[in-house]
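According to Swiss-Prot, the feature domain 'N-acetyltransferase' maps to 4-171. Under the heading substrate binding site, Swiss-Prot lists Tyr27, Glu28, Glu92, His126, Phe127, Leu128, Glu152. Annotation comment: Swiss-Prot describes 94-96, 102-107, 133-136, 140-143 as acetyl-CoA binding site, evidence class similarity to another entry. The active site, proton donor annotation in Swiss-Prot covers Tyr140.
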Amino acid sequence: MASFSIRAARPEDCSDLLRLIKELAKYEDMEDQVVLTEKELLEDGFGEHPFYHCLVAEVPKEQWSSEGHSIVGFAMYYFTYDPWIGKLLYLEDFYVMAEYRGLGIGSEILKNLSQVAVKCRCSSMHFLVAEWNEPSIRFYKRRGASDLSTEEGWRLFKIDKEYLLKMATEE
(Lines of atoms letter the chains of each structure in order from A and count residues from 1; the text may use other names and numbers.)
(Lines give C-alpha, C1' and ligand atoms only; values in the text may rest on other atoms or scores of the structure.)
Protein backbone atom coordinates (compact mmCIF):
# COMPACT_ATOMS: atom_id res chain seq x y z
CA MET A 1 0.00 0.00 0.00
CA ALA A 2 1.31 3.41 -0.95
CA SER A 3 2.07 5.94 1.71
CA PHE A 4 1.22 9.47 0.59
CA SER A 5 0.37 12.92 1.85
CA ILE A 6 -1.88 15.64 0.49
CA ARG A 7 -0.67 19.22 0.82
CA ALA A 8 -1.05 22.65 -0.73
CA ALA A 9 1.14 23.14 -3.77
CA ARG A 10 4.22 25.32 -3.38
CA PRO A 11 6.00 27.46 -5.99
CA GLU A 12 8.70 24.83 -6.40
CA ASP A 13 6.02 22.32 -7.48
CA CYS A 14 5.24 24.16 -10.73
CA SER A 15 7.37 21.89 -12.94
CA ASP A 16 5.56 18.85 -11.52
CA LEU A 17 2.19 20.58 -11.92
CA LEU A 18 2.90 21.28 -15.59
CA ARG A 19 4.05 17.68 -16.08
CA LEU A 20 0.80 16.38 -14.56
CA ILE A 21 -1.31 18.85 -16.55
CA LYS A 22 0.33 17.54 -19.72
CA GLU A 23 -0.21 13.91 -18.63
CA LEU A 24 -3.89 14.65 -18.04
CA ALA A 25 -4.16 16.36 -21.43
CA LYS A 26 -2.50 13.34 -23.06
CA TYR A 27 -4.95 11.01 -21.28
CA GLU A 28 -7.76 13.18 -22.70
CA ASP A 29 -6.10 13.14 -26.17
CA MET A 30 -5.71 16.93 -26.04
CA GLU A 31 -2.03 17.40 -25.21
CA ASP A 32 -1.47 19.72 -28.20
CA GLN A 33 -3.79 22.24 -26.52
CA VAL A 34 -1.55 22.78 -23.47
CA VAL A 35 0.23 26.08 -24.14
CA LEU A 36 0.71 27.14 -20.52
CA THR A 37 4.29 27.58 -19.30
CA GLU A 38 5.84 26.87 -15.93
CA LYS A 39 6.46 30.62 -15.54
CA GLU A 40 2.75 31.36 -16.07
CA LEU A 41 1.76 28.67 -13.57
CA LEU A 42 4.10 30.24 -11.03
CA GLU A 43 2.87 33.80 -11.62
CA ASP A 44 -0.81 32.86 -11.81
CA GLY A 45 -0.93 30.61 -8.76
CA PHE A 46 1.58 32.06 -6.34
CA GLY A 47 1.43 35.82 -6.80
CA GLU A 48 -0.27 38.43 -4.66
CA HIS A 49 -3.70 37.54 -6.09
CA PRO A 50 -3.65 33.85 -7.12
CA PHE A 51 -5.99 32.82 -9.93
CA TYR A 52 -5.96 29.21 -8.76
CA HIS A 53 -5.20 27.01 -5.76
CA CYS A 54 -3.78 23.54 -5.92
CA LEU A 55 -3.42 20.42 -3.80
CA VAL A 56 -0.77 17.83 -4.58
CA ALA A 57 -0.34 14.19 -3.62
CA GLU A 58 3.22 13.35 -2.66
CA VAL A 59 4.80 9.96 -2.00
CA PRO A 60 7.99 9.24 -0.01
CA LYS A 61 11.27 8.58 -1.85
CA GLU A 62 10.96 4.78 -1.70
CA GLN A 63 7.67 5.05 -3.64
CA TRP A 64 8.73 7.59 -6.28
CA SER A 65 7.57 6.87 -9.81
CA SER A 66 9.79 4.99 -12.24
CA GLU A 67 10.77 8.41 -13.68
CA GLY A 68 11.74 9.68 -10.22
CA HIS A 69 8.70 11.82 -9.43
CA SER A 70 7.42 12.35 -5.89
CA ILE A 71 4.35 14.43 -6.87
CA VAL A 72 1.92 11.85 -8.26
CA GLY A 73 -1.42 13.67 -8.33
CA PHE A 74 -2.98 17.10 -8.15
CA ALA A 75 -6.22 19.03 -8.00
CA MET A 76 -6.36 22.60 -9.30
CA TYR A 77 -9.31 24.67 -8.14
CA TYR A 78 -10.57 28.19 -7.64
CA PHE A 79 -13.54 29.90 -6.08
CA THR A 80 -16.38 31.38 -8.05
CA TYR A 81 -19.86 32.68 -7.36
CA ASP A 82 -23.34 31.64 -8.44
CA PRO A 83 -25.96 34.36 -7.89
CA TRP A 84 -28.56 31.69 -7.11
CA ILE A 85 -26.66 29.70 -4.49
CA GLY A 86 -23.56 31.70 -3.56
CA LYS A 87 -19.96 30.54 -3.25
CA LEU A 88 -18.68 27.56 -5.24
CA LEU A 89 -15.45 25.66 -5.37
CA TYR A 90 -14.70 24.96 -9.03
CA LEU A 91 -12.47 21.94 -9.61
CA GLU A 92 -10.61 22.73 -12.83
CA ASP A 93 -8.23 19.77 -13.10
CA PHE A 94 -7.88 16.57 -11.10
CA TYR A 95 -5.39 13.83 -11.95
CA VAL A 96 -3.55 10.92 -10.38
CA MET A 97 -0.77 9.17 -12.30
CA ALA A 98 -1.92 5.78 -13.66
CA GLU A 99 0.49 3.72 -11.54
CA TYR A 100 -0.90 5.33 -8.35
CA ARG A 101 -4.62 4.90 -9.06
CA GLY A 102 -6.67 2.60 -6.87
CA LEU A 103 -4.64 3.44 -3.74
CA GLY A 104 -7.05 5.98 -2.27
CA ILE A 105 -5.09 9.03 -3.42
CA GLY A 106 -7.92 10.47 -5.52
CA SER A 107 -10.43 9.89 -2.73
CA GLU A 108 -8.17 11.63 -0.24
CA ILE A 109 -7.64 14.61 -2.57
CA LEU A 110 -11.42 14.88 -3.01
CA LYS A 111 -11.90 14.65 0.77
CA ASN A 112 -9.40 17.51 1.25
CA LEU A 113 -11.17 19.58 -1.42
CA SER A 114 -14.49 18.94 0.32
CA GLN A 115 -12.98 20.15 3.60
CA VAL A 116 -11.77 23.34 1.87
CA ALA A 117 -15.23 23.90 0.36
CA VAL A 118 -16.98 23.39 3.72
CA LYS A 119 -14.48 25.62 5.56
CA CYS A 120 -15.02 28.39 2.98
CA ARG A 121 -18.82 27.96 3.24
CA CYS A 122 -19.24 26.94 -0.41
CA SER A 123 -22.66 25.73 -1.52
CA SER A 124 -21.21 23.10 -3.85
CA MET A 125 -18.29 21.94 -5.96
CA HIS A 126 -18.58 22.09 -9.75
CA PHE A 127 -16.40 20.45 -12.41
CA LEU A 128 -16.46 19.04 -15.93
CA VAL A 129 -15.89 15.44 -16.98
CA ALA A 130 -15.45 14.29 -20.58
CA GLU A 131 -18.44 12.25 -21.76
CA TRP A 132 -16.22 9.28 -22.64
CA ASN A 133 -14.47 9.23 -19.24
CA GLU A 134 -16.64 6.58 -17.59
CA PRO A 135 -14.13 5.75 -14.80
CA SER A 136 -14.19 9.38 -13.62
CA ILE A 137 -17.95 9.65 -13.98
CA ARG A 138 -18.38 6.56 -11.79
CA PHE A 139 -15.78 7.90 -9.29
CA TYR A 140 -17.71 11.15 -8.84
CA LYS A 141 -21.19 9.59 -8.84
CA ARG A 142 -20.15 7.17 -6.08
CA ARG A 143 -19.43 10.28 -4.02
CA GLY A 144 -22.78 11.94 -4.64
CA ALA A 145 -22.09 14.02 -7.77
CA SER A 146 -24.99 14.75 -10.10
CA ASP A 147 -24.64 15.19 -13.86
CA LEU A 148 -26.10 18.63 -14.62
CA SER A 149 -25.92 18.09 -18.38
CA THR A 150 -28.50 15.30 -18.16
CA GLU A 151 -30.41 16.47 -15.08
CA GLU A 152 -30.69 20.20 -15.84
CA GLY A 153 -29.80 20.44 -19.53
CA TRP A 154 -26.95 22.96 -19.20
CA ARG A 155 -24.47 23.41 -22.07
CA LEU A 156 -20.93 24.72 -21.70
CA PHE A 157 -19.71 27.50 -24.01
CA LYS A 158 -16.43 29.32 -24.43
CA ILE A 159 -15.31 32.49 -26.19
CA ASP A 160 -11.69 32.33 -27.36
CA LYS A 161 -9.25 35.18 -26.86
CA GLU A 162 -9.51 36.22 -30.53
CA TYR A 163 -13.23 36.94 -30.10
CA LEU A 164 -12.75 38.53 -26.69
CA LEU A 165 -10.32 40.99 -28.27
CA LYS A 166 -12.75 41.64 -31.12
CA MET A 167 -15.65 42.35 -28.75
CA ALA A 168 -13.47 44.44 -26.43
CA THR A 169 -12.43 46.76 -29.26
CA GLU A 170 -15.79 47.09 -31.04
CA GLU A 171 -17.23 50.57 -31.21
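Please read every residue number as a count from 1 along the shown chain.
A Cβ is built for glycine as well, from the same backbone N, Cα and C atoms used for every other residue.
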With Cβ-Cβ distance below 8 Å and at least 6 positions apart along the chain, what are the contacts of Asn133 (acetyl-CoA binding site)? List them in sequence order.
Glu28
What subset of the binding-site residues Glu92, Phe127, Leu128, Glu152 lies within 10 angstroms of Arg142 (acetyl-CoA binding site), using C-alpha positions?
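Matched binding-site residues: none.
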Could you tell me the C-alpha distance between Leu128 (substrate binding site) and Phe94 (acetyl-CoA binding site) in angstrom, no decimals?
10
So among the binding-site residues Ile105, Leu128, who's got the most Cβ atoms within 10 Å?
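Of the binding-site residues Ile105, Leu128, the most buried by Cβ count within 10 Å is Ile105.
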If one measures from the C-alpha of Glu152 (substrate binding site) to the C-alpha of Tyr140 (active site, proton donor), what distance in angstrom results, rounded to a whole number?
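With distance taken Cα to Cα, Tyr140 (active site, proton donor) is 17 Å from Glu152 (substrate binding site).
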Using a 10 Å cut-off on CB atoms, tell me which of the binding-site residues His126, Arg142 is the least crowded.
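Taking His126, Arg142 as the binding-site residues, the minimal 10 Å Cβ count falls on Arg142.
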